[in-house]
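The signal peptide annotation in Swiss-Prot covers 1-33. Annotated topological domain 'Extracellular' per Swiss-Prot: 34-255, 304-314, 452-464, in sequence order, evidence recorded as similarity to another entry. Under the heading disulfide bond, Swiss-Prot lists 171-185, 231-242. Residues or ranges marked as strychnine binding site in Swiss-Prot (evidence: similarity to another entry): 235, 236, 237, 238, 239, 240. Residues annotated as transmembrane segment in Swiss-Prot: 256-277, 283-303, 315-335, 431-451. Here Swiss-Prot flags 278-282, 336-430 as topological domain 'Cytoplasmic'. Sequence annotations record features per position, and here Swiss-Prot assigns site 'Important for obstruction of the ion pore in the closed conformation' to 294 based on similarity to another entry. Under the heading phosphoserine, Swiss-Prot lists 370, 379.
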């Protein structure tokens with residue numbers, strides 16, 4: 001009986017300790033579970049689980065593989081806009097390029113934060129769109145003081161990728177109205193390898209293109225209206241997504257007025273000063289004319305130095321050509337004045353030579369017929385036509401008068417002839433003083449009105 005009681009005591013003790021051990025294990029498990037709930041997973045462990053080697057994430061495969069295409073929304077923030085070069089027809093811009101897409105493989109719920117800002121080195125661990133700039137001529141990243149890149153992952157799997165770039169983009173320009181032209185420069189964003197079956201670029205709905213506050217250009221006025229378009233590209237390898245933004249640039253005239261138009265205008269006006277200089281001051285007028293022509297030629301060459309060698313005529317070319325024409329015409333005007341003012345000397349020399357020939361001819365005739373006075377009287381020969389005047393008389397010693405025997409008018413004296421031609425030369429100068437400025441004024445009216453209308457039409461076409 002005592003043995004039975006002792007056995008029951010041992011059995012009850014065993015069950016007691018077994019129950020105590022079980023309760024201890026349960027308590028320990030709950031404690032560990034509570035600790036695990038109160039202490040979240042470390043960021044390193046979380047990232048390893050999300051996109052590490054053990055996560056099964058493959059950056060070589062796009063999201064929704066063999067499914068619908070990935071929609072990537074783009075946004076551009078312009079830090080600086082400038083270095084617009086007409087010779088190379090390109091422009092330089094510094095931007096923040098932001099791309100946003102959804103990758104379901106990166107969605108998470110284990111981590112408490114709504115988003116994670118990751119180091120740029122993690123970019124190699126995830127899939128990224130193969131975006132490139134179709135009209136890019138040169139580009140570079142920024143690495144001071146670190147890589148200027150941003151990677152942010154959201155709970156729902158959205159990915160934000162931002163990068164700072166400096167781009168040199170081509171911008172074909174029509175310079176027919178230069179420097180009163182309006183240009184349109186584009187920026188095209190295109191997928192390099194993924195067709196539209198895999199990837200589609202779209203502009204962000206709100207503020208797709210932003211410009212830094214206070215951004216100004218030295219020679220252009222950047223219009224606030226940004227023209228956003230889709231430019232799908234069709235190649236032999238397929239149809240590729242493409243989006244573009246068009247920047248409308250209106251050239252400012254201030255620089256060209258000061259550097260080109262006003263100096264050339266003053267040179268033309270300076271050439272008119274020769275009209276008020278005495279025609280006898282040949283060195284002064286010739287020196288002034290040649291100087292203005294050479295200066296205008298240099299000015300015209302300088303205006304073309306900063307422009308490409310295009311095959312069409314520009315507005316500045318027309319202006320410079322007309323100014324050069326006016327300056328050269330002023331020099332030719334003095335040549336005409338000088339020629340007219342010296343014509344009396346040539347005329348006197350010609351008359352003297354002609355008179356000598358006429359007198360010699362008359363004397364020859366006279367001696368030929370002087371042997372027979374009767375024949376001379378019967379013929380009633382008159383030497384009036386040969387310049388002899390009343391030296392010889394006809395029959396009865398009377399000079400016949402009639403319609404065929406008009407009395408010769410005595411030529412003017414050399415001084416009178418000189419005065420006539422000098423007055424004519426002075427009249428040319430007087431007419432030039434009025435005609436040259438008037439013609440140049442008419443040209444200016446037509447020039448500025450026509451190109452003002454063309455400029456307005458270009459602006460209107462851009463708005464359409």
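Cβ atoms are placed via backbone N, Cα and C, with glycine included.
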Inset, instruction - Could you put numbers on the helix, strand and coil content of the topological domain 'Cytoplasmic' (278-282), residue by residue per DSSP? - result: 1 helix, 0 strand, 4 coil
Legend entry - residue 239 (strychnine binding site) CB neighbourhood, other CB atoms within 10 A: 12
Inset, instruction - Just give me the nearest neighbour of residue 237 (strychnine binding site) among the recorded positions 171, 185, 231, 294, Cα to Cα. - result: 231
Inset, instruction - Give the distance between the Cα atoms of residue 185 (disulfide bond) and residue 231 (disulfide bond), rounded to the nearest whole Å. - result: 15
Legend entry - Most crowded position, judged by CB atoms within 10 A, among 236, 237 as binding-site residues: 237
Legend entry - Separation of alpha carbons, residue 294 (site 'Important for obstruction of the ion pore in the closed conformation') and residue 242 (disulfide bond) (Å): 52
Inset, instruction - Drop a 10 Å sphere on every Cβ of the binding-site residues 235, 240 and tell me which sphere holds the fewest other Cβ atoms. - result: 235
Legend entry - DSSP residue counts for the topological domain 'Extracellular' (452-464), split into helix, strand and coil: 12 helix, 0 strand, 1 coil
Legend entry - Residue with minimal Cβ packing [other Cβ atoms within 10 Å] among the recorded positions 171, 185, 231, 242, 294: 294
Legend entry - Chain residues in Cβ proximity to the topological domain 'Extracellular' (304-314) (below 8 Å; excluding those fewer than six residues from its ends, i.e. six or more beyond): 86-89, 175-178
Legend entry - Cα-Cα distance linking residue 171 (disulfide bond) and residue 235 (strychnine binding site), given in Å to the nearest integer: 22
Legend entry - Within the topological domain 'Extracellular' (304-314), residues counted as helix, strand or coil by DSSP: 2 helix, 0 strand, 9 coil
Legend entry - Other parts of the chain folded back onto the topological domain 'Cytoplasmic' (278-282), taken as Cβ under 8 Å at six or more residues beyond its ends: 334, 337-338, 341, 422, 425-426, 429
Inset, instruction - Could you tell me the mean pLDDT over the topological domain 'Cytoplasmic' (278-282), as a whole number? - result: 88
Inset, instruction - Pop the Cα-Cα gap between residue 294 (site 'Important for obstruction of the ion pore in the closed conformation') and residue 238 (strychnine binding site) into the table, whole Å please. - result: 59
Legend entry - Per DSSP, three-state class assigned to residue 294 (site 'Important for obstruction of the ion pore in the closed conformation'): helix
